[in-house]
Amino acid sequence: MWKLARLVAASNFRRARPFSTAIPLPCIVHKRGADILHDPWFNKDTGFPLTERDRLGLRGLLPPRVISFQQQYARFMESYRSLERNTMGQPEGVVSLAKWRILNRLHDRNETLYYRVLIDNIKDFAPVIYTPTVGLVCQNYSGLFRRPRGMYFSAKDKGEMMSMIYNWPAHQVDMIVITDGSRILGLGDLGVQGIGIPIGKLDMYVAAAGINPQRVLPIMLDVGTNNKKLLEDPLYLGLRQPRLEGAEYLAIVDEFMEAVHTRWPKAIVQFEDFQAKWAFETLERYRGRFCMFNDDVQGTAGVALAGLLGTVRAQGRPLSDFSNQKIVVVGAGSAGLGVLKMAVQAVSRMSGNNETSAKKQFFVLDKDGLITKARKNLDPAAAPFAKELADVEGLREGSSLIEVVKTLKPHVLLGLSGVGGIFNEEVLKAMRGSDSPRPAIFAMSNPTMNAECTAADAFKHAGDNIVFASGSPFENVDLGNGRVGHVNQANNMYLFPGYGLLFTDVSAMRMLEILEVYNF
Ligand SMILES: NC(=O)c1ccc[n+]([C@@H]2O[C@H](COP(=O)([O-])OP(=O)(O)OC[C@H]3O[C@@H](n4cnc5c(N)ncnc54)[C@H](O)[C@@H]3O)[C@@H](O)[C@H]2O)c1
Ligand SMILES: O=C(O)C[C@H](O)C(=O)O
Ligand SMILES: [Mg+2]
């Protein structure tokens with residue numbers, strides 16, 4: 001996958017810009033002197049040749065020696081490797097944040113060099129600029145803040161957004177990732193600090209899909225936070241008020257969507273890490289009018305489905321056997337329900353049966369256990385997947401995870417609950433009784449500490465023959481005797497850069513048509 005992503009990225013960058021020195025300017029640069037050195041889009045640091053130093057008023061503002069792009073690259077990588085050596089043995093969080101800081105400083109200074117090192121070292125750097133480290137960055141964002149990135153629209157900006165959007169310096173924007181910070185990974189409400197997520201996602205768009213970095217825009221929609229700790233933190237950078245709800249909330253999102261599409265009618269807006277109720281509501285509200293999608297609902301579904309089909313192949317069975325797999329999804333939020341919807345559609349199309357019949361093999365649990373039609377106050381979003389009691393013999397409304405696994409003997413156990421360790425020893429051991437010769441365990445919650453189980457525990461307790469995937473990266477597991485327990489990563493990052501690449505190459509209307517065709 002990474003090889004493919006790098007090929008795509010490399011070919012796009014070649015097409016868009018020869019990357020050996022720096023980004024050719026898409027328009028005439030009106031800046032001069034120190035303003036250019038302080039603009040990460042155009043800055044080449046000590047790489048400015050003497051002729052450019054004369055032309056751009058840089059003479060005397062830089063040390064005399066010209067250091068080539070390649071030399072700067074080698075210098076950065078040496079600093080990074082020496083940081084790795086010097087922090088060996090220190091706590092993981094400290095090391096990850098130190099790595100993030102050094103990359104972030106480069107991002108703020110010289111984007112050309114930043115994206116070059118990111119593309120060339122994507123496997124090493126993705127866990128630093130994206131999941132899982134980005135979670136830690138969001139948790140500490142107010143303290144880590146040095147320079148703004150992206151745009152911040154707050155509830156206090158109501159009525160001003162249409163003019164504010166023109167404050168963004170780029171003429172064209174193709175790809176926007178927006179969050180309201182209400183459900184950042186499995187870490188809950190992080191308010192304005194959630195901006196780290198759109199930044200990390202858009203870095204992946206640039207690195208893996210070759211999207212022009214000057215045409216991406218991370219957005220934070222700050223409608224307040226219900227996180228008490230943040231509200232009491234004197235350094236907290238967001239609005240110090242409870243989250244807006246209901247019509248007041250929607251009015252803010254409506255105004256933002258109007259503003260953004262007035263200025264850039266073809267920009268694609270990716271909704272990210274909104275709490276489930278707003279994830280579903282905004283998707284329904286805007287999908288017919290704007291070029292938008294919800295990554296947690298739709299991106300996750302695509303990646304999970306690919307993993308589920310891959311599991312069938314890993315079992316040595318024909319893909320059509322997918323229709324016979326018993327699948328237990330743990331977590332009935334934006335991600336879990338998104339996966340269920342797409343997987344049911346897939347089974348229905350593959351088997352030719354209607355969706356009611358395709359649903360039979362899927363079972364879903366939330367914090368109150370197995371979801372059945374007998375549930376009082378059944379969440380309308382989960383209702384289509386609630387089981388008839390008659391269809392779950394030996395189980396009841398609210399059956400626990402262990403009861404479900406022991407009774408159903410599922411082929412697949414897929415976690416999108418945000419609850420770390422919920423696939424405990426007992427549950428994993430029960431998966432040994434699965435009806436599948438190669439049961440699949442997908443611990444998709446993020447970041448690492450929220451994963452339903454670790455890779456090591458999965459292989460230890462559920463057996464060597466499982467197919468394992470996780471949302472956050474884990475190392476392969478040494479099973480002894482030279483055998484390896486392979487860890488696959490099931491994270492929507494394997495899909496959304498592709499959406500961007502596809503949809504920025506087609507017109508906005510065509511995107512809507514594509515989404516329609518795939519009943520997305
Ligand atoms: N790997 C990926 O690509 C990917 C994509 C999206 C979301 N995620 C992760 O999935 C997790 C959930 O995301 P979401 O948007 O669906 O969150 P959400 O808050 O919308 O949903 C969480 C669901 O888990 C349920 N739950 C909570 N405790 C539970 C328990 N003890 N047992 C069973 N279910 C329980 C809740 O009732 C709810 O239905 C997060 O950790 C997120 O980071 C991963
Ligand atoms: O951000 C990620 O790593 C995946 C996903 O979008 C999530 O919310 O966990
Ligand atoms: Mg997300």
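Residue numbering: from 1, along the chain as shown.
From the backbone N, Cα and C atoms, a Cβ is placed for every residue, glycine too.
There are 24 other Cβ atoms within 10 Å of the Cβ belonging to Y130 (active site, proton donor). The active site, proton donor annotation in TrEMBL covers Y130.
All protein chains included, K201 (active site, proton acceptor) registers 28 other Cβ atoms within 10 Å of its own Cβ. The secondary structure of K201 (active site, proton acceptor), as reduced to three states from DSSP, is helical. Look at TrEMBL and you will find K201 tagged as active site, proton acceptor.
Under the DSSP three-state reduction, R183 ((S)-malate binding site) is assigned to coil, being neither helix nor strand. The feature (S)-malate binding site is assigned by TrEMBL to R183, N446, N491.
Secondary structure from DSSP puts E272 (divalent metal cation binding site) in coil. The divalent metal cation binding site annotation in TrEMBL covers E272, D273, D296.
What TrEMBL records for 107-287 is domain 'Malic enzyme N-terminal'. The predicted model assigns the domain 'Malic enzyme N-terminal' (107-287) a mean pLDDT of 97.
If you look up TrEMBL, you'll see 297-509 marked as domain 'Malic enzyme NAD-binding'.
Taking a C-beta cut-off of under 8 angstroms and a sequence separation of 6 or more, D296 (divalent metal cation binding site) has the following same-chain neighbours: R183, F271, E272, D273, F274, A279, S334, A335, G338, N492. Spatial neighbours are here defined as Cα atoms within 10 angstroms of one another, and by that definition the neighbours of Y130 (active site, proton donor) among the recorded positions K201, N446, N491 are K201. Residues E272, D273, D296 make up the record's divalent metal cation site, and a Cβ search at 8 Å around their centroid adds T179, R183, I197, F271, F274, A279, N294, D295, S334 from the same chain. A separation of roughly 12 Å, to the nearest angstrom, links the Cα atoms of N491 ((S)-malate binding site) and K201 (active site, proton acceptor). Proximity of the recorded positions (R183, K201, N491) to ligand 2: a Cβ under 6 Å from the molecule is found for N491.
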